[in-house]
Amino acid sequence: MYFHGTTKVNEKGHLEIGGVDTIELAQKYGTPLYVYDVALIRERARGFKNTFDELGIKAQVAYASKAFSTVAMIQLAEEEGLSLDVVSGGELYTALVAGFPVHKIHFHGNNKSRAELEMALEHQIGCIVVDNFHELDLIDSICSEKNVKTNILLRVTPGIEAHTHDYILTGQEDSKFGFDLQNGQAEKALQIALNSNFVEVLGVHCHIGSQIFDTTGFVLAARKIFEKLKEWKDRLSYEPKVLNLGGGFGIRYTEEDDPIPASQYVKEIINEVKKQVSAYSMKMPEIWIEPGRSLVGDAGTTLYQIGSRKDVPNVRHYVAVDGGMSDNIRPALYNAKYEAVLANKPLAKADETVSIAGKCCESGDMLIWDLPLPKADSDDILAVFCTGAYGYSMANNYNRIPRPAVVFVENGESMLVVKRKHMRTSSAMICL
């Protein structure tokens, strides 16, 4: 079994993360429980930042907070010197509550409301990433009404299809996101923005997908963008101060995945940008990237308590846990795969193959199919690895199941950062 970060087996024979026994965590905080290895998050963040520093490149590494957005996580991002990518008023509000520096916040989203844009402008955030003509007009209108100015990036779709799941492809031409680079939409948006008295176009942004395991797509996207930048330089006398190439850097969920180091992504992206800058006699822009999953994904582990069991002779053994698609919808949504162990006996020999069923009243609520495990008994604790991204952030109250708690662990200490929801709080907003 592959253990990430500080995860190991302790002297009790239990799984340990951040120097804390996971069985003790389950007893103290209950299950299901999201557990985050803070040291690993720090290591991942520094892997990106340090590479830019070593290369002498002016850059911003913006944590894509949609992967996992809590006050504690945003404060950790600030500690590590990151900028912040938010995609909704809710994420922006969380950042403000966390006290994150507003000048380092970048606001994304394909359908920002007037209220969300007004919030962003009121707090003078660092940059709004404009996704469409409606938004461009709306920003100009609000700025005119309030007599304020703002920085923007134009999100473009370069026509690059990254090798990933269809639902997380975003850079190809047939996408709900961004201005098309090839059909003239992006240039038209740039002309409109350059003629505005209220926006400064810092540059362009693209995001080609997620869970990407090589640099080919990023290199091709940079080439496509620079081809247009050269045309815009000649026709519009425009050169960007910022080039944001998004995120999408892959992580290891199972042995089928083969991610590359953060340093390799950064070095190959910068190498290509330098080539393009030289070829077209342009100024080197500041480079922004937006890692999310790659910062927190493998730092998260979810603990479940095993409950019932169903054996179908010669077909399958089902083992049910006290969570499921209400705390991790990715298996149902993306057919996502995970690895897991019994936290109370992680080194025990696997002597059967079981499928882990969630507790939701839904036949598709299956967390893991065909998982080799030692004999799993009721009240054993199952630890599912690499649930740090899009687990908590996509959690829901399906079947009126309360959302789990979130705990940070580091240097032998645990800290509750999100309280467990209870039935009374889950029902508090219902009007009779």
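For all residues, glycine too, the Cβ spot is worked out from N, Cα and C.
Per Swiss-Prot, N6-(pyridoxal phosphate)lysine is recorded for LYS66, and the stated evidence type is sequence analysis. According to Swiss-Prot, the pyridoxal 5'-phosphate binding site annotation covers GLY248, GLU290, PRO291, GLY292, ARG293, TYR390. Feature annotation from Swiss-Prot assigns substrate binding site to ARG293, ARG330, TYR334, GLU362, TYR390; the stated evidence is sequence analysis. Annotation source Swiss-Prot lists active site, proton donor at CYS361, citing sequence analysis.
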Cβ-Cβ neighbours of GLU362 (substrate binding site) (radius 10 Å): 14
Maximum Cα-Cα separation in Å among residues GLY248, GLU290, PRO291, GLY292, ARG293, TYR390, which the record lists as binding pyridoxal 5'-phosphate: 15
By Cα-Cα distance, the member of recorded positions LYS66, ARG330, TYR334, CYS361 nearest GLY292 (pyridoxal 5'-phosphate binding site): LYS66
Set of same-chain residues at least 6 away whose C-beta sits under 8 angstroms from ARG330 (substrate binding site): ALA336, TYR390, GLY391, MET394
Largest inter-residue Cα distance among ARG293, ARG330, TYR334, GLU362, TYR390 [record-listed substrate binders, Å]: 27
Rounded to the nearest Å - Cα separation of LYS66 (N6-(pyridoxal phosphate)lysine) and GLU290 (pyridoxal 5'-phosphate binding site): 11
Where LYS66 (N6-(pyridoxal phosphate)lysine) falls in three-state DSSP terms: helix
Inter-residue Cα distance where the pair is ARG293 (pyridoxal 5'-phosphate binding site) and GLU362 (substrate binding site), in Å: 27
Residues within 8 Å of the GLY248, GLU290, PRO291, GLY292, ARG293, TYR390 Cβ centre (excluding the pyridoxal 5'-phosphate site residues themselves): ALA64, LYS66, ALA67, SER210, GLY247, PHE249, SER294, LEU295, GLY297, ALA389
PRO291 (pyridoxal 5'-phosphate binding site) versus the residue listed as 'active site, proton donor' - Cα distance in angstrom: 34
Distance, TYR334 (substrate binding site) to PRO291 (pyridoxal 5'-phosphate binding site) (CA atoms, angstrom): 20
Cα-to-Cα gap, GLY248 (pyridoxal 5'-phosphate binding site) vs TYR334 (substrate binding site), nearest whole Å: 15
Binding-site residues listed as TYR334, TYR390, least Cβ neighbours within 10 Å: TYR334
